[in-house]
Every structure is written in structure tokens, then in C-alpha cells.
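Asks: Here it is, the structure, as C-alpha cells.
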Amino acid sequence: MSLMLEPNPTQIKEERIYAEMGLTDEEFAMVEKILGRLPNYTETGLFSVMWSEHCSYKNSKPVLRKFPTTGERVLQGPGEGAGIVDIGDNQAVVFKMESHNHPSAIEPYQGAATGVGGIIRDVFSMGARPVALLNSLRFGELQSPRVKYLFEEVVAGIAGYGNCIGIPTVGGEVQFDPCYEGNPLVNAMCVGLINHEDIKKGQAHGAGNTVMYVGASTGRDGIHGATFASEELSESSEAKRPAVQVGDPFMEKLLIEACLELIQSDALVGIQDMGAAGLTSSSAEMASKAGMGIEMYLDDVPQRETGMTPYEMMLSESQERMLIVVKKGREQEIVDLFEKYGLAAVTMGKVTEDKMLRLFHKDEMVAEVPADALAEEAPIYHKPSKEAAYFAEFQQMKMETPKVEDYKETLLALLQQPTIASKEWVYDQYDYQVRTSTIVTPGSDAAVIRVRGTEKGLAMTTDCNSRYIYLDPEVGGKIAVAEAARNIVCSGGEPLAITDCLNFGNPEKPEIFWQIEKSVDGMSEACRKLQTPVIGGNVSMYNERSGEAVYPTPTVGMVGLVHDLKHVTTQEFKQAGDLVYVIGETKAEFGGSELQKMIYGKIFGQSPSIDLDVELKRQKQVLAAIQAGLVQSAHDVAEGGLAVAITESAIGAKGLGATVKLDGEATAVLFAESQSRFVITVKRENKEAFEKAVEAIQVGEVTNTNEVTIHNEENEVLLTANVDEMRKAWKGAIPCLLK
């Protein structure tokens, strides 16, 4: 589009062109009032992206304020590229999770790949070296050819980017439910390490300092990507492929090294990734956070397409680009540094005192807007909220235990449900050992990486059972945080903090907004109780296809500190003769369970209950026992219940099984999904010390029979399962469905 064809301010108003960009009538009137005149085409574009839900959180801010965001270890909470938590010895961990759902629904390979690239930039823009990646994925049922295609391409995109850039993808989760058929969820998380003195902020301080553009050149890809992410998917979304960016991991690898070297220089004042809304968000936010203004000369923007307009340059979401502010007079050092890595570094503006964002192109001023108006003054909406119609009905249901004829066959079938089955097909495509710091690889409760030069480790996980949250958003929200912490504890880590990715449907629907409010209430309560503040995250709304929303899916990414690598614990049995313990009571809780879904083909009723005081007490006891060296293996009891958890601990070992006795109604003790439960094994000589430290019931022992045998309280055999047969079924389920 050439400048001649852009509508003038009067046309923008009269023909409601602003509405096509995503602004409402009221918002356009606000823009007019802020500027004291009608905005031109470029200015309308700036407001439309910065005031989109994706950039401004205008529909979710009132809810997000409920999260606890401070703690004695928190060095940086929400508001910067990523959050930062102190881990002692002048070191800190930097982490964040973000969604790339809409792009991945349209162009799954590039959508997923650029999601990984974007989250990596958020972490190294803080000054940290990225050391690990995780992801949380949701798809429809694998029987559908379209879902198979999305699944295969998303995984390939994550692998393609992560492997090329040389950062290990160490963990995550994949779940399958029909509601994600048309709108998959792709949440990517990056974890980095930093020394305290290297922490950088995305702020443009110092009038007269120089604004520079570094990294890849700008094209027309991703224009209005932030607006695209703030609307529902529909049949016409396929036509929006141009809105999906294309990533170059090799360019990003060079960009990481160049930026980390730059951060060691005292020439750098501020640095920010050009993410959603590209140059617009990075310039407006850096100026606004510093209480300054910025002038930019768009003729100097490196462009890989001809005839780009100011509108296109400002709204492009081309990848692998950063905006930096450097001390005046030090520009040549920066150019030389980036040249060494084969990258462009171009002076394109300066910091001003008057808080305005001014853009010049071809010797003309093409936009003049207060930086705060873009970055901070988006309208905040308190959307109407209404309890979902299904909720009261589910709460009143009398829950019956699903009928199970053959316990062994049921266990075998559960192990083949894609949500429970081995994800080896997924993580075998990821290089999870690159950088040689990975101590616990994918497949256990949490991944663990070594903090080099110390005896410490970082445990990390992503968790969210969206079925529970659909049935009861508040309780489900508590469970998501509690399960993440349980996974960290089972790996020998002390839970530190969380990042979240709130994936929901259209917030303008009162029942969806109710889901958002309630799940955040539950998560906030759990974060306070477990002392894991929220240090950052992302909101992804409008996850709907043809009016049908996905399950509410507020994914939790949690990092924990392993104080000594001797404490690292995994889920698989270690040796025959070890004693098997179960911590926690089992109730007949089947709402949202894998068994319920498998037998009835749908979920209904009440989600499992959770008592956060009990959860905290058990986690503290288990962690103390692990740190005292009393625990051989630890596994949290999740999808599929105790029978699945015990079998998973046997599958991970070689040639080991277990004989256990479980009291209570058979279907419940085997397959119910009650919360706050662990399966722990302990050496026989540690029996007394362990039982003194932890409230647990010894249920049996690890055997070298390669069989899992479970008895009831009358000592009748409920099931005997050959571990090799179970492993084969569990490992083969996903590859079999993809054939």
C-alpha cells in the first residue's frame, strides 16, 4: 500500500475504518480527545494495536490485579519482559510463558516456532542467558486428520526453532480434548539465568540518548498480529496467514550472543524485544516506563520489502528484532559489536523529554502521540460476569462411580489415553541435552537443570488440568498451582514462583468472564498459600472457533530451587525391596477424570476437591524427607489415579514392579483423581525415620518381578499387570494414533 491510498482522518472517522482495525466507537472518540484532533491512518494503527486485548489487557487487568506478585525472593514482578527471582549467591532465575495460539491454528509450524523465538527474546532482553525451554500444548482428539496435522507441525516448529538455537527443550505437557479441535493452544516458556548486576530493563532513560534498531530487517509479516490474537477464529481466519510471522533461529542465536555481550557494556541504557505490535510497543513502552518520549526516523528502519509505509513498519511483527537505547556518542561501539555477529545495528532516533512518540518519514512528521496514551491509557473494562449455566447443574449432580468390569484392561486402556500416554514421540524431536546441563530429562514430574558453578539446580514444570477448571474454575485454579508445586517438590525442588498463560474464550461473554474471574481467584489463593507469587505471564482471549470456546486453560509455569543436586529425585522405582508409600486419602472423585472421559465420552459433575492447608503440609513433609535423603523415588498422583501413578513409576524403571495393597472401594482407589497425593518409595533401613517425618501409609514394596500387582484389603488380587506389556501400550499409543 502506498501512502497515496491511505484514507485521510475524516474518512477514517466517517467510514469507520478504525473499526476494521479493532477499535470501538467509544475508543476512537477517546483517541480523538487525547490528541485534540482526528488521528491519521498511522496513528489509528498505533492505537488499535496498543489498545488490543493482547497488548493492553484491557478486559483482564481488573482480574490480574488479584494475583500476589511480591515475595522476599522476587526481584522483578510483572511489567517487564520477564520476571526475576533470586536463587542466592548473587544469581537469579528469569522466566516467562506466553501463548502463540492464534498463529499456530493458522500456520502451525511457524506459529509455534515464532512463539518459541519470542519468549526467548523476552528472557534475554532482561540480560539473562536462556538455559531451558518448556511448552504446554492442547489439541483436539487425534483421530481427526486436521488435529494430527496441527499436532505434528506444532511439535516440528518447536523442535525446529529450539534445536537450531541450541537451548534445550526440557519439559512440558500435551493434552487432548475435543474443545481444542479448531483452536489449539501453544504456550511456550523460557527460563534463563543471570547475575544480579546484569539485570536490564526495557526503559528509555536520558534525554538525547540514542535509539537503535538491532537484528533482522522489517517485512510485512505479522502486521496486526496483536489485533488478530484479540478476535475469535473463524473460517475466514485461514485468509490471515500473512499475519503469521516467519522465524529464523540462526539469526536469533547470533542476536542472543550479541545482546548478552552488549549487556556487559556500560553503553547500554535499555533494551526491549520487538514482540507483539513490533516497533510500536517497544518504543511506546520504553518511553512510557521511563517517563520520557522518543523520536524515530523510519527511513532508517532496515527493510526487506520495498515501499513500506510508516503504518506497515510500525505494525510489522517481523521476528528477531530488538530496540535498544544507548548513551549518546557510543553508537559506533554498538555498530561494531553487532557487525562482529553479522547483524545490523542502526541509529533511528533519540530519547526526548516531552513524553511524545514522534515518527518521521521522508522529512515529514507522520505521527505524534503521547507515549503514555499508547502504553498506559488504554481503557479498562469491567466486563459483566455471570455464573455459567452448567455450573449449578454439575454442582447438584449425585456422582456415581463409573462401572468397571476388568481392572487390568481398564488400566491398560487408561495408559493409552493420549493425555496419559508417553509423550516420547514429542520430546524425542527436541534436543533436551544441548548445553549438557539437563539432569532430569522430559518424562518425570519436573525437569531439572544444573546451575553451573554451584551445587544447585532449577526444577521446572508446566501444569493445568483444564477439565477440572471447566467443571469448577475456582477449585480447578487452585489445583493447577498445587499440582505444579507438587511436581517441583517430587523432583527435590522448593517452589519459588509462577508465570501463567491465561487461555480463555471471548471475555465479552459473561459466562467466559466468570470462568476467568473464578479461576484467577483460585490460583491467587493457592499462590498465597504455597508462597509462589506470580512474576509475569500473558493473557490469551478469544480462543474460540465458530462460537465454541476452549475449556478455560490458565496454564501454570513454575520454577523451583533444588538447594543441592544430591536432592534431585525422579518418579521411577530404584530397587527391589524398597517400600512403597502412599501419601493422602483417596475419595471417589471422578469429575473430569480420565476414567470418566473414557467411559462416558464426556466430563460432568464436580471436580476433585482440594484443601490447600493439607496440600502445603504434605509438600513440606515430602520435601523435608527428600532433603534428608530418605526418599528413593517420588511421583505425584494425577490423571488416571493411583493405579496409573504406580504403573508409571514401574514403567520408568528396568525390570522392576511392585506388589501393593490398597484399602477402599476398588474403582476409586485405583482410578479416582483425588488431590494432594504422592507415591513414594523408601529404602527399608529408612522406614522408621521416614514414617516419623511424613504422614504416609506403607502399601507394599518394589519387586524384581516386572509386574504390578494390586490387592484389596481382603488380599484379593484386583489386577496383575506385566510392566513390559504396559510400557509397550503406553509408549505406542500416540505413534499408533498418528499412523
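Every residue number used here counts from 1 along the chain in the order it is shown.
Glycine too: its Cβ is placed from the backbone N, Cα and C atoms.
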Asks: The ATP site in Swiss-Prot includes Y57, D500, G537. Which of K96, K456, K566, K574 is also listed there?
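Replies: Of K96, K456, K566, K574, K96 joins Y57, D500, G537 in the ATP site that Swiss-Prot records.
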Asks: If I go by Swiss-Prot, which of S524, S540, S546 binds substrate at the same site as S99, H100, N101, H102, R121, Q245, E317, S318, Q319?
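Replies: Candidate in the recorded substrate site: S540.
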Asks: Rounded to a whole number, how many Å is the Cα of E98 (Mg(2+) 1 binding site) away from the Cα of Q319 (substrate binding site)?
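Replies: Checking the Cα atoms of E98 (Mg(2+) 1 binding site) and Q319 (substrate binding site) gives a distance of 15 Å.
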Asks: Just the number: how many Å between the Cα atoms of E317 (substrate binding site) and N538 (Mg(2+) 1 binding site)?
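Replies: On Cα coordinates alone, these residues lie 17 Å apart.
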Asks: To the nearest whole angstrom, state the Cα distance for the pair S99 (substrate binding site) and N538 (Mg(2+) 1 binding site).
Replies: 7
Asks: In Å, rounded, how far does the Cα of D500 (ATP binding site) sit from the Cα of N538 (Mg(2+) 1 binding site)?
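Replies: D500 (ATP binding site) and N538 (Mg(2+) 1 binding site) have their Cα atoms 6 Å apart.
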Asks: If one measures from the C-alpha of R121 (substrate binding site) to the C-alpha of H100 (active site, proton acceptor), what distance in angstrom results, rounded to a whole number?
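Replies: Given the Cα positions, R121 (substrate binding site) is 14 Å from H100 (active site, proton acceptor).
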Asks: Between C-alpha atoms, which of these binding-site residues comes nearest to H54 (active site): N101, D122, D273, G537, N538?
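Replies: In terms of Cα distance, H54 (active site) lies closest to N538.
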Asks: Listing them in sequence order, which of the recorded positions H100, N101, D122, D273, Q319 have their Cα within 10 Å of that of G537 (ATP binding site)?
Replies: none
Asks: Taking only C-alpha atoms and a 10 A limit, tell me which of Y57, K96, H100, Q319 are near D122 (Mg(2+) 2 binding site). These are the recorded positions.
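Replies: Qualifying among Y57, K96, H100, Q319: K96.
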Asks: Nearest to H100 (active site, proton acceptor) by Cα, among Y57, D273, N538 (binding-site residues)?
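Replies: The smallest Cα gap between H100 (active site, proton acceptor) and any of the binding-site residues is with N538.
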